[in-house]
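Notes for the one structure printed next.
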Amino acid sequence: MSTATDTAAPAKKRGSGLFQGLQKVGRSLQLPIAVLPAAGIMVRLGQDDIFGKDGLGWDKVAAVFNNAGGALTGSLPILFCIGVAIGFAKKADGSTALAAVVGFLVYSKVLEAFPVTEAVVQDGADVAATYNDPGVLGGIIMGLLAAVLWQRYHRKKLVDWLGFFNGRRLVPIIMAFVGIVVGVFFGLVWEPIGDGISNFGEWMTGLGSGGAALFGGVNRALIPVGMHQFVNTVAWFQLGDFTNSAGDVVHGDITRFLAGDPSAGIFQAGFFPIMMFGLPAAALAMAHTARPERRKAVLGMMISLAATSFVTGVTEPIEFSFMFIAPVLYVLHAVLTAISMAITWGLGVHAGFNFSAGFIDYALNWHLATKPWLIIPIGLVFAAIYYVTFRFAIVKFNLKTPGREPEEEVEDLTKA
């Protein structure tokens with residue numbers, strides 16, 4: 001019996017380590033995603049109806065902002081590479097980022113040694129060569145490799161006559177050669193992998209409302225374990241392709257939406273009714289069901305969280321207030337999110353965001369959206385559903401949401 005227990009323990013430890021590693025990767029993806037609001041604002045200011053010919057008529061100013069925003073949206077792979085390397089490595093510093101950049105630059109240039117189609121020089125219009133483009137996935141992989149190798153070798157000491165290359169100076173050199181290997185690998189095998197991702201995207205799109213619902217439900221379901229960024233990265237930065245006005249091919253629902261693809265926004269629109277209306281209503285329901293002596297304090301807190309969710313789309317403070325103490329409410333929330341995604345898809349609503357599905361992004365990207373006005377009535381309906389269902393479940397099952405904790409827990413928190 002002890003042997004079985006001893007065998008099970010290491011297996012459990014290995015599984016736990018893998019899970020924690022995946023969580024860490026998911027958290028590291030948040031750093032590069034944080035630059036998107038800046039990109040979105042600059043691209044918006046560069047549109048014709050703001051600083052351009054249909055707005056203030058400052059064409060040069062519009063071009064400056066448009067190019068500035070395009071520099072960020074067009075460089076997402078290397079931004080993900082740097083962000084993941086810094087976010088994943090323990091005690092990362094500038095040498096971690098340098099190693100990631102060196103590896104990525106080599107990797108991306110090596111890809112050009114494997115053209116999918118050759119360049120054609122002809123009278124009238126030359127056709128440029130096309131290359132395999134793993135996009136942000138390649139950047140993430142290079143960032144992870146840089147973080148792991150930096151962690152392993154940044155204190156490595158070589159023989160005396162190579163002492164100049166000890167430690168942090170060694171890792172960028174290693175990453176240069178790793179970039180060659182990864183570039184050759186993707187150059188040889190990316191085409192079927194890319195086709196598989198494209199086919200998966202077409203399959204998800206082909207499911208119609210069901211595909212949007214599946215994504216929305218999985219997105220919310222993975223938040224408690226911190227792994228939702230994996231599915232977000234695939235859907236928002238990898239699926240689909242669109243050629244923008246500059247002739248560059250961009251990938252992913254967010255990037256395509258910001259580039260003006262009218263078919264994009266299907267994996268984002270359904271979050272607006274939830275984040276702007278549904279969750280704020282849930283917060284109000286929790287405040288109204290708090291014990292009378294705690295209702296005022298909880299109401300003040302929940303109004304603040306609801307305003308944050310509505311304006312910015314930051315929902316974690318509300319979600320974590322009931323996620324673990326009342327899991328049934330979180331399951332309900334995930335299901336309602338899936339339904340919202342399905343409804344917006346079914347009604348032909350296309351909307352997107354730079355950061356999250358709050359009012360700022362809703363207003364900022366109105367001009368790029370299709371039927372954005374429908375989000376308001378849909379959201380009001382979901383607000384009513386969230387309030388009624390949350391209030392009913394909290395009272396019916398005596399759920400210990402904020403303000404309903406046992407008295408002794410409140411006293412302990414006060415003493416702490």
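Backbone N, Cα and C define each Cβ position, glycine as well.
Pulled from Swiss-Prot:
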- 16-406: domain 'PTS EIIC type-1' (DOMAIN)
- 68-88: transmembrane segment (TRANSMEM)
- 96-116: transmembrane segment (TRANSMEM)
- 130-150: transmembrane segment (TRANSMEM)
- 170-190: transmembrane segment (TRANSMEM)
- 196-216: transmembrane segment (TRANSMEM)
- 266-286: transmembrane segment (TRANSMEM)
- 298-318: transmembrane segment (TRANSMEM)
- 323-343: transmembrane segment (TRANSMEM)
- 344-364: transmembrane segment (TRANSMEM)
- 375-395: transmembrane segment (TRANSMEM)
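Per-residue pLDDT, averaged over the domain 'PTS EIIC type-1' (16-406), rounds to 86. Same-chain residues lying 6 or more positions outside the transmembrane segment (266-286) and placing a CB less than 8 Å from one of its CB atoms are 205, 212, 215-216, 235-236, 239, 253-254, 257, 298, 302-303, 305-307, 309-310, 313, 315, 318-319, 321-322, 329, 333, 336-337, 340-345, 349-353, 356-359, 362, 369, 375, 378-388, 390-391, 394, 401-403. Most Cβ pairs under 8 Å with the transmembrane segment (323-343) belong to 375-395, among the candidate stretches 68-88, 130-150, 170-190, 375-395.
Only residues 6 or more beyond the boundaries of the transmembrane segment (298-318), in the same chain, are considered here, and those with a CB under 8 A from a CB of the stretch are 223, 271, 274-277, 279-284, 286-288, 290, 353, 355-361, 402-403.
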